[in-house]
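Asker: To start, I am sharing the structure in question, which I have written as structure tokens.
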Amino acid sequence: MMIACLPGDGIGPEIMAQALRVLAALDLGIETAIADVGGTAYKKHGHPLPPETLDLARTSDAVLFGAVGDPDCDNLERHLRPEQAILGLRSALGLFANLRPATMFKGLEHMSALKPEVASAIDLLIVRELNGDVYFGEKAQRVLEDGRRQGFDFMSYAEDEVRRIAHVAFRAAQGRKGRLCSVDKANVLETSQLWRDVVIEVAAEYPDVELSHMYVDNAAMQLVRNPGQFDVIVTGNLFGDILSDQASMCVGSIGLLASAALGERQTGKGTFGLYEPIHGSAPDIAGQGKANPMAMILSLAMLLRHSLGLEEQAARVEKAVSRALADGITGADLGGSAGTSEVGDAVLERL
Ligand SMILES: NC(=O)c1ccc[n+]([C@@H]2O[C@H](COP(=O)([O-])OP(=O)(O)OC[C@H]3O[C@@H](n4cnc5c(N)ncnc54)[C@H](O)[C@@H]3O)[C@@H](O)[C@H]2O)c1
Ligand SMILES: CC(C)[C@H](C(=O)O)[C@@H](O)C(=O)O
Ligand SMILES: [Mg+2]
């Protein structure tokens, strides 16, 4: 078994180091290989996703990804920007299903942006489509006849793209509380009308799952008003991006939310995937040793579960994180004073 580790930019390498300490402590005999990605790769190799990095990811059993994004690169042509690396990996590796769980950890209710009694009910999974939508449609800027500049991004979903993510979401709901909420903007967008029609067609194959539909603006409000109503949410690429950052503050911090990006390729022990925190490279705190590494460590747990079939080890890592939180070990993002490596120490002690 080989894991490709792509630390990336900003806090990426800092949090990756803690996840790799946890992996080493598990002593599973798994090989790791590290490669450059993002702004770091651009500065060294002239491209945010060098061919060697993509090859390494392709030939691995799973990819552990830190974060990309570098303010020095914000004025580069779009195809050279660090963010293109993660979009390129998701697309080239066919990782269309993004699982973003948000669960309230015991003892952290007071850190939620919501009232503790509202926050304590949060146990939801956002299933975000990851290979389509306005992210991957044609985009450009042009000058109109009257001289005004115009920018456009083409939003689309084909029915097979909706169908395959709907199946992932229905199956996820079957393994949880059996409730699926499809979030769209069908009152305005044709893309969303097709999305809703196809989700309803797929629902016929899952009579044991209770399907509901919600407009995205209402969903954003309901996530704050009564997040306990949600079990599984399935939504498109853009809405899923936004709602998952919002869900993170409902459970206390963006430094807690892990994710799995899965496709169809099987590894023999599970499904090939890329695992990363939902947050970015956090340039505002990079290099200060205060980033929360828990989302990264929990992403490693998801990797062990989904790609390597190591459920027991995954649960062990998750339990160590929740015990550290229950014991009050938190960094600045959660009102505490522990630094990145102290949080790592605390998780290791509890493994
Ligand atoms: N998958 C990715 O690699 C990814 C995801 C999101 C954003 N980005 C990129 O990251 C860069 C910064 O973006 P942004 O500032 O909008 O979002 P961000 O998620 O990097 O940071 C938002 C805020 O959350 C804080 N934060 C994030 N992760 C944290 C952690 N682990 N511990 C403590 N605090 C944390 C940051 O300090 C910042 O105040 C941009 O270049 C963006 O494009 C990359
Ligand atoms: C960096 C960016 C391309 C990415 C996205 O929008 O998918 C990020 O925000 C995420 O949530 O993983
Ligand atoms: Mg995002």
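Easy rule for this one: first residue shown is 1, then count along the chain.
Every residue, even glycine, has its Cβ placed from backbone N, Cα and C.
Quick paste of what TrEMBL says about this protein:
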BINDING   Arg90, Arg100, Arg128, Asp217  substrate binding site
BINDING   Asp217, Asp241, Asp245  Mg(2+) binding site
BINDING   Gly280, Ser281, Ala282, Pro283, Asp284, Ile285, Ala286, Gly287, Gln288, Gly289, Lys290, Ala291, Asn292  NAD(+) binding site
DOMAIN    2-347  domain 'Isopropylmalate dehydrogenase-like'
SITE      Tyr135  site 'Important for catalysis'
SITE      Lys185  site 'Important for catalysis'
Asker: Can you tell which of the binding-site residues Gly280, Ala286, Asn292 lies nearest to Arg128 (substrate binding site) in space, using Cα positions?
Answerer: Gly280
Asker: If you count other Cβ atoms within 10 Å of each one's Cβ, which of the binding-site residues Arg90, Arg128 has the most?
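Answerer: Its Cβ has the most other Cβ atoms within 10 Å: Arg128.
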Asker: Return the residues near Tyr135 (site 'Important for catalysis'), defined as same-chain residues 6+ apart in sequence whose C-beta is under 8 angstroms from its C-beta, sorted by sequence, else 'none'.
Answerer: Leu87, Asn237, Leu238
Asker: So which recorded positions out of Arg100, Tyr135, Asp217, Asp241, Ala282, Asn292 are up against ligand 2, CB under 6 A?
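Answerer: Cβ under 6 Å from ligand 2: Asp241.
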Asker: Would you mind sorting out which binding-site residues among Arg128, Asp241, Ala282, Asn292 put a C-beta under 6 angstroms from ligand 3?
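Answerer: Only Asp241 meet the Cβ criterion.
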Asker: Name the one residue among Arg90, Arg100, Lys185, Asp217, Asp241 whose Cα is closest in three-dimensional space to that of Asp284 (NAD(+) binding site); these are the recorded positions.
Answerer: Asp241
Asker: Most Cβ neighbours within 10 Å: which of the binding-site residues Asp217, Asp241, Asp245, Asp284 is it?
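Answerer: Within the set of binding-site residues, the most crowded position is Asp241.
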Asker: List the residues of the same chain that sit at least 6 positions away from Ala286 (NAD(+) binding site) in sequence and have their Cβ under 8 Å from its Cβ, in sequence order, or write 'none'.
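Answerer: Correct list: Asp9, Gly10, Ile11, Glu14.
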Asker: Could you tell me the C-alpha distance between Gln288 (NAD(+) binding site) and Asp245 (Mg(2+) binding site) in angstrom, no decimals?
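Answerer: About 23 Å separate the Cα atoms of these two residues.
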Asker: Residues other than Asp217, Asp241, Asp245 within 8 Å, Cβ to Cβ centroid, of the Mg(2+) site?
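Answerer: Counting only non-site residues, the set is Val216, Ala220, Leu238, Phe239, Gly240, Ile242, Leu243, Ser244, Gln246.
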Asker: When you rank Arg90, Arg100, Lys290, Asn292 by Cα distance to Asp245 (Mg(2+) binding site), which of the binding-site residues ends up on top as the closest?
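Answerer: Checking each of Arg90, Arg100, Lys290, Asn292 against Asp245 (Mg(2+) binding site), the shortest Cα distance is to Arg100.
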Asker: Among Gly280, Ala282, Gln288, Asn292, the binding-site residues in the record, which have a C-beta under 6 A from ligand 1?
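Answerer: Within range of ligand 1: Gly280, Ala282, Asn292.
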Asker: Among the recorded positions listed here, Arg100, Lys185, Lys290, which has the most company in the form of other Cβ atoms within 10 Å of its Cβ?
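Answerer: Selected residue: Arg100.
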Asker: Please list, in sequence order, the residues in the chain of Gly280 (NAD(+) binding site) that are at least six apart in sequence and whose C-beta is under 8 Å away from its C-beta.
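Answerer: Once residues fewer than 6 apart are set aside, Gly280 (NAD(+) binding site) is near Gly10, Ala67, Val68, Gly69.
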Asker: At a 10 A cut-off on CB-CB distances, which of the binding-site residues Gln288, Asn292 has the highest count?
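Answerer: Counting Cβ neighbours within 10 Å, the top one is Asn292.
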